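Read through the structure below, which is laid out as structure tokens, and then see the notes.
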Amino acid sequence: MLHAISFDSTPHIISGAFTKKEKIMSESSIPVNSWTEWGQLELVCVGSTQGMCYPDYDYVAPHNEVLDECIRNYVTSFVGPRPAHRIQMAQQQLENLSNILQGESVQVKNVQEMDQDINLLLERKRTFLRTDANEKDGKVLQKQRVEVCRSPADGKRFDHCIQTPFFQSHFQLGMSCPRDMLITLGNTIVEAPTACHTRYFEASYYRDMIYPLYTKDKRVKWLSPPKPTCSKTMFDDPEIWEKTSMTAFKNTFALNGYKTSLNEKEIAFDAADLIRMGKDVFFKKSVSTNYKGVDWLRRTFGGDGPEGLRFHVMHFPTSPDLHLDSTLIPLRPPTAGSEGLVLINQNRPPLTNELQIFLNNDWKPIWCPLPVINKASPVANCSPNLNMNFLSLNERSCIIEECELPLYHFLDDLGFDVITCPLRVLNEFGGGIHCVTWDIRRNDSCKDYFPNQDYDEECNRDMSNAFDRPPYQDNVPNPINLPKVSTYATQKIQTKN
């Protein structure tokens, strides 16, 4: 049985795909500002797949695990440069996304198209830039133009060896998902202290883009937490993914007290493990985050001032997977006479007690429709739950994957202007629409959308007791099999003994 397979790859540059530094510089007096996931989007970075690789074995998660059972009989993992034609296909989808973001008038039409990766004919809602004002075919939507800059991957390759005193890595991932490594908290750009050694320098590749923003306005801040070593000492079992799959690991995640191989010796989190909602930021406990990470965030951004942030840890019994942005997504905040809406994943329910903060502050949890299909390309580097991984343009408009018709109609019925974009090829490069973007500037502020809470009590909560809390299941359309609270507690006690 082969252990690894490598492909020859040549970088492809799509014309107009890379924005020059000077184009990033807006006339706005605040070049960096983003407090929420729903404020009017003004400036966004869109990723690039140029030069991307299948990374080395990583202690955090099985990034190069072969999910297709037939292929797994012959190949156990993929390592090395990605196929050039797949890179080009993904670049074209990212270019299309960039064009839609920059457009002001679009049309959404019904189309049918074969997905060659899974050999299925799929119904789609396809968005086109509107060029003829008299054309009435499809639904016409007006939107604000969004300024776009592209991940500065021009000419870069990720198939060279990097070495530190703590590890050696022959292949890095690339720059498809800026959301994973960078986050804007107010007027501060934060580089994530990722525990993935295959992504150790990834945030550094964006510095040519960040420096002009930082230089333009003295109010812009730029922080990087203490860089983790990404050594084996950060993990209780560095070889865990040689022994088990992510699917098997999910079955015991809650029963083991939400522990992962990543320990608490060093600060670690990915930026995509955070969801911003004004003064409150929600943080997912997963294979890529630890409690020391949220402690650093609380110490650095907390405080009683008007822009002091509160960070809330959330646990999802069936989801140790990386990142929160396919698990819980806010749609719009509460307003006078209207509830706020927060979308939650049927396959990844949160704990009831941790969702209570939403219920206490006029937020309505609603279950996201299931993905239209569970199939993906044989080397997809993510789960089907990416149907939830969409980008809000403002409180009334969002961009979703074009084949997710149940989600399209669901959001349309809620009154949203739903714009679509084909990005299924990007699934094998690690993400959906939210993953491949990083919002740098939104027209929003540090508003308190959760005034009713006991934050001091939460910060002092014993996280080792999270295992005995029941998952939220109110009115779930498709209930999943979850152990009862007593089962969690009993199995946890037996494990301790």
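Every residue gets a Cβ built from N, Cα and C, even glycine.
TrEMBL labels come from automatic prediction, so no person has curated them.
Note that the structure is a prediction, hence the values are computed from the model and not measured.
As written in TrEMBL, here are the features:
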type: ACT_SITE; residues: D270; note: active site
type: ACT_SITE; residues: H323; note: active site
type: ACT_SITE; residues: C435; note: active site, amidino-cysteine intermediate
How many whole Å apart are the CA atoms of the residue listed as 'active site, amidino-cysteine intermediate' and D270 (active site)? 12
Are there residues of the same chain, six or more positions away from D270 (active site), whose CB falls under 8 angstroms from its CB, and which are they? D180, M181, A192, T194, C196, S288, T289, L322, H323
Three-class DSSP assignment, C435 (active site, amidino-cysteine intermediate), comes back as coil
